[in-house]
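**Q** Shown below is the structure under consideration.
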């Protein structure tokens, strides 16, 4: 009996290890899928907005004309407000999952509080945070100060791929705003405010009605 031992703990440990590996594998697959989706969007936008340097001048002109006819419009993923378009496209940054634009729409607000970039190879860059003026979603940042080797990024707007969606202007296959999202956030806020005011008025009227009914009931008993 002294020489006997149980294999159950070992089996349990092995099972836990297998479960842990399956969980890690699932998380890895999800992460790779998300990275692949972001990479695909970057490639799509880049291909729609810039020409390959190896193409002829005529081809580049034709592509530029086509892009001008059907440019991409970038939208906020939360409230679908237009943020900019591919006519101001400069470049894409796959390492940070961002697109660089020369200008943006009035729906993009800038937080004037400046901070240093924490991104790799961007030492010395001073940034200002960008956010959607409609829903306050963080969109990215704008480069305000850069070292000499990154001067080309200065005053460019860097929008995060995760915060931006796009559609092709003039495309009949895509709908800018669905019926469920017809009212923007400002309209919803105003409607909710009006409903709250109506509820308050009804509450006051109900209280007065009860008061009148109470007085009538007492008057009926005394008559």
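Using the three backbone atoms N, Cα and C, a Cβ is placed for every residue, glycine included.
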**Q** Need the matching range: Swiss-Prot marks region 'Disordered' on one of 1-30, 31-60, and I'd like to know which.
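**A** Comparing 1-30, 31-60 with Swiss-Prot, region 'Disordered' matches 1-30.
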**Q** For the binding-site residues 76, 79, 132, 135, which one has the sparsest Cβ surroundings, going by other Cβ atoms within 10 Å?
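**A** So among 76, 79, 132, 135, the binding-site residues given, the one with the fewest Cβ atoms within 10 Å is 135.
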